[in-house]
Structures are given as C-alpha cells and as structure tokens.
Amino acid sequence: MAVRYKLYYFDAQGRGELVRLILHAVGEEFEDIRVHQALWEQLKPSTPLHTLPVLEIDGKQLAQSSAIARYLAGVFDLGGRNNLEKALVDSAAELIDEILSDALKIIFEHDKRRKAKALKQFVTVTLPQKLARLEEFKLAHGKGYGYIFGNDLTYADLAAHNAFDQIVSGSIVEREVLEQYSYPAELRRRIFDGEPRISRYIKHRNQMLKSL
Ligand SMILES: N[C@@H](CCC(=O)N[C@@H](CS)C(=O)NCC(=O)O)C(=O)O
C-alpha cells in the first residue's frame, strides 16, 4: 500500500519548502497542511520537538527539516549511491542549510539596525565565501551537468535552489548578483529545463503568491 505523507508547516516557504520540493520532484502525493499561528499554539505540545516542519509518515511524526530531507532522499534515491556519496551530498546540504539559516534570520529580524548589520555581513562576507565553497565542491564532485554532485539531481540541489530562491524573494540579494556564480545560474536552468515536475510546482506556487 502507498505510504501516506502529511506535511505540517506554516503557510510560508521557510524551512518547510525543501520538503515540499522533494515530494514534488519525485511526484509523490502528500497533504500539504498549512498551519495557522493560532492553531499552532494548540498543536505545538503534541509535536515531536515542538517545531515545524513535521512530516507524518503513515501516522508517525518526524521533525527537523534536515532529518526529513535526508529521510526522503534515502527513500526516493536523491542522495548518493553509497555511504560515502550520501555523506558528501549531506555535507553540501549542510553548507546550504547554513546559508538558508543566515538568510532566514535576516528576513525575520525586525530590529532595523540589527537587520542592516546582519545583511551587510551576509552580503559582503558570508554569502560570497559560502558560494565560493559550493563552486569548489561542484568542481570537485559534480560532473558538469549543473548539479552539485554527480550527474543527477540530489536533495542538496533542491536545498540550494530553495535557499537561493528565498534569498532573492526575501530581497537579500538580486538574482543577477547570485547568478554571477555558476552553480545558482546553472541549477536554475537545469531545474526549469530538465525537471518538469519541480518547475511545474514552482511556477504554480509563484503564480499563487503573485495573486495574493
Ligand atoms: N532546525 C529546525 C528549526 C525549526 C524551527 O525553528 N521552526 C520554526 C519555523 S521555521 C518554528 O517551528 N517556529 C514556531 C515555534 O518555535 O513555536 C528545522 O530545521 O526544522
């Protein structure tokens, strides 16, 4: 019998979007449950680690976006073919998660001075450094197809696309600046030209966001 997946996350991209992207990429049906803040306060004590996202797998709940992503990568073969390859893909995904974490902290910082300071540090130091590390990683482990590892899509690529997307939509860096690096630029082309399920979902999602 088919496994039943339910994703609980807020009505936002944040840390839930990577899970959505993975499930759309593999064409797996899931319930995309958008939790409103008022309901969250009631739901929170019953969740495994009192945070979202939570993925429910046939009734069993799993928290922490990276753990969920790795679990799904294992199930759907999106993370390397042996233990070492899986660890290498995980290492790239961890670096990408650091970029997303930094970006989300800035996006959700409400103090103007703290936000401006963090933004400057991120844009001038942290992001260029981490993008340079990713380029080196891709050169060492990618096969020239635009993916970070080997010649197939891995969940680390989806994590990267998600992080880059949120950096741009969160007005942290313009897409042109990001795409001076080869990985963000090639990956976006790869996803839109070669991954129809993901590009369909992203186009539909962006359309919905525009109409709000
Ligand atoms: N490291 C965790 C972070 C989870 C997290 O902080 N989730 C936030 C939303 S992005 C949350 O649940 N906030 C509500 C709360 O803490 O009450 C993950 O990646 O899942």
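All positions are counted from 1 along the displayed chain.
Using N, Cα and C of the backbone, Cβ positions are placed for all residues, glycine too.
The domain 'GST N-terminal' annotation in TrEMBL covers 3-80. In terms of DSSP helix, strand and coil, the domain 'GST N-terminal' (3-80) has 31 helix, 17 strand, 30 coil.
As annotated by TrEMBL, domain 'GST C-terminal' applies to 82-212. Summarised as a single figure, the pLDDT of the domain 'GST C-terminal' (82-212) averages 95.
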